[in-house]
Protein chains: 2
Amino acid sequence: MTRRVLVASRNAKKLNELRRILDEAGIAGIEIVGLNDVAPYDEAPETGATFEENALAKARDGFAATGLPCVADDSGIAVDALNGMPGVLSARWAGKHGDDTANNILLLAQLNDVPDDRRGAQFVSACALVAEGVEEVVRGEWPGTIGRKPVGDGGFGYDPLFTPEGETRTSAELTPAEKDAASHRGRALRELLPTLAALADN
Amino acid sequence: MTRRVLVASRNAKKLNELRRILDEAGIAGIEIVGLNDVAPYDEAPETGATFEENALAKARDGFAATGLPCVADDSGIAVDALNGMPGVLSARWAGKHGDDTANNILLLAQLNDVPDDRRGAQFVSACALVAEGVEEVVRGEWPGTIGRKPVGDGGFGYDPLFTPEGETRTSAELTPAEKDAASHRGRALRELLPTLAALADN
């Protein structure tokens, strides 16, 4: 029999990403459902000071509301020259939630005078898994640098500005499969596989 | 006889601030001049990672170009919830140098979901003094909190958003004398008094 696991997201890409990672790991017996597949519940605002805090709060909410094991993430970009910001404010850096273009323009302007050798950054994802008797929070990082103009049409968020370490392309130029294999969220989700496998076995 | 000291600034308020601080300390024999009073020279861009680095670079430039003992500052606001940013980028936080209104609007928007107990901030000033055989860099901090809307018409920069510790008014509501007595730059400049006094005696 299959075990339903809630991913606290309405983003089909995120649901499919976890499905692919479970498949690749050969973990059967888990059915991934999203927030659109369960009865609506009050979702706490993301006002934590850390990715981990936000991911854990979301996963606790989802488990408490549905009784299903719940996976939640909070992700963003940490820029060295901004002391790790935009960080938890990545999605609303320019002031309005989810305006990728404004966020990219602002970040480039802020870094205009920052020389090439100080343009390091990491994409960061914290993923939490909350189930009966389980609270796990893991972190994945994807190191790289911030360029001087947007390049590439794929991905979303800060992808057009970010060149992963060892790459010449931005993360907006990688194929989805390449991004999956390397990305911060993929790295974090794979850390949760042992616990997810144990849930599937129960 | 008087000793000329260059303040690496075109801002008359900054020049007068140091004049007042020298007067209050009873240090005579120093004539403060600004960048408008000396022959123009190439000023290095402020691209350092720290206030100290920028202040020292400016003071070295001024001394090298004029032979006068040179005082320079770099100042800004360090917001706890932004890991100490805007920091050295304070004057160009919204992307354009010196647009106080845009900077204030952006900072308030970024902190919109940050609760009252995490709105701490410090105004920070690093001041450097470079003269023959002298390189000194000092730091002054002025702790307080960031409000939820601009209040007050005085001061400049982030003053309308900043309520100093122990105050109910913002720093834009303080009188110039009150601000002088408490502010980050005043604190830093007073740290330089012993060295300035020694220069005056020579």
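Quick reminder: no glycine exception, Cβ is built from N, Cα and C everywhere.
Marked as substrate binding site by TrEMBL: A:SER9, A:ARG10, A:ASN11, A:ALA12, A:LYS13, A:LYS14, A:SER75, A:PHE156, A:GLY157, A:TYR158, A:ASP159, A:LYS179, A:HIS184, A:ARG185. Here TrEMBL flags A:ASP74 as active site, proton acceptor. Residues annotated as Mg(2+) binding site in TrEMBL: A:ASP74. For A:165-184, the entry in TrEMBL reads region 'Disordered'. Look at TrEMBL and you will find A:166-183 tagged as compositional bias 'Basic and acidic residues'.
Projection of TrEMBL feature records onto the structure.
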residue: A:SER9; record: substrate binding site; Cβ contacts under 8 Å, 6 or more apart: A:LEU15, A:GLY34, A:LEU35, A:ALA72, A:ASP73
residue: A:ASN11; record: substrate binding site; Cβ contacts under 8 Å, 6 or more apart: A:GLY34
residue: A:LYS13; record: substrate binding site; Cβ contacts under 8 Å, 6 or more apart: none
residue: A:ASP74; record: active site, proton acceptor; Cβ contacts under 8 Å, 6 or more apart: A:GLU46, A:GLY48, A:PHE51, A:GLU52, A:ASN54, A:ALA55, A:LYS58, A:VAL88, A:SER125, A:ALA126
residue: A:SER75; record: substrate binding site; Cβ contacts under 8 Å, 6 or more apart: A:PHE51, A:SER90, A:PHE123, A:VAL124, A:SER125, A:ALA126, A:HIS184, A:ARG185
residue: A:GLY157; record: substrate binding site; Cβ contacts under 8 Å, 6 or more apart: A:ILE77, A:SER90, A:ALA91, A:ASP100, A:ASN103
residue: A:ASP159; record: substrate binding site; Cβ contacts under 8 Å, 6 or more apart: A:GLY152, A:THR170, A:SER171, A:ALA172
Legend entry - Remote residues contacting the region 'Disordered' (A:165-184) - C-beta distance under 8 A, at least 6 residues beyond either end: 17, 20-21, 75, 122-125, 140-145, 147, 150-155, 159
Legend entry - Maximum Cα-Cα separation in Å among residues A:SER9, A:ARG10, A:ASN11, A:ALA12, A:LYS13, A:LYS14, A:SER75, A:PHE156, A:GLY157, A:TYR158, A:ASP159, A:LYS179, A:HIS184, A:ARG185, which the record lists as binding substrate: 20
Inset, instruction - Report, as a single number, how many Cβ atoms besides its own are within 10 Å of the Cβ of A:HIS184 (substrate binding site). - result: 26
Inset, instruction - By DSSP assignment, list the helix, strand and coil residue numbers for the compositional bias 'Basic and acidic residues' (A:166-183), in that order. - result: 7 helix, 0 strand, 11 coil
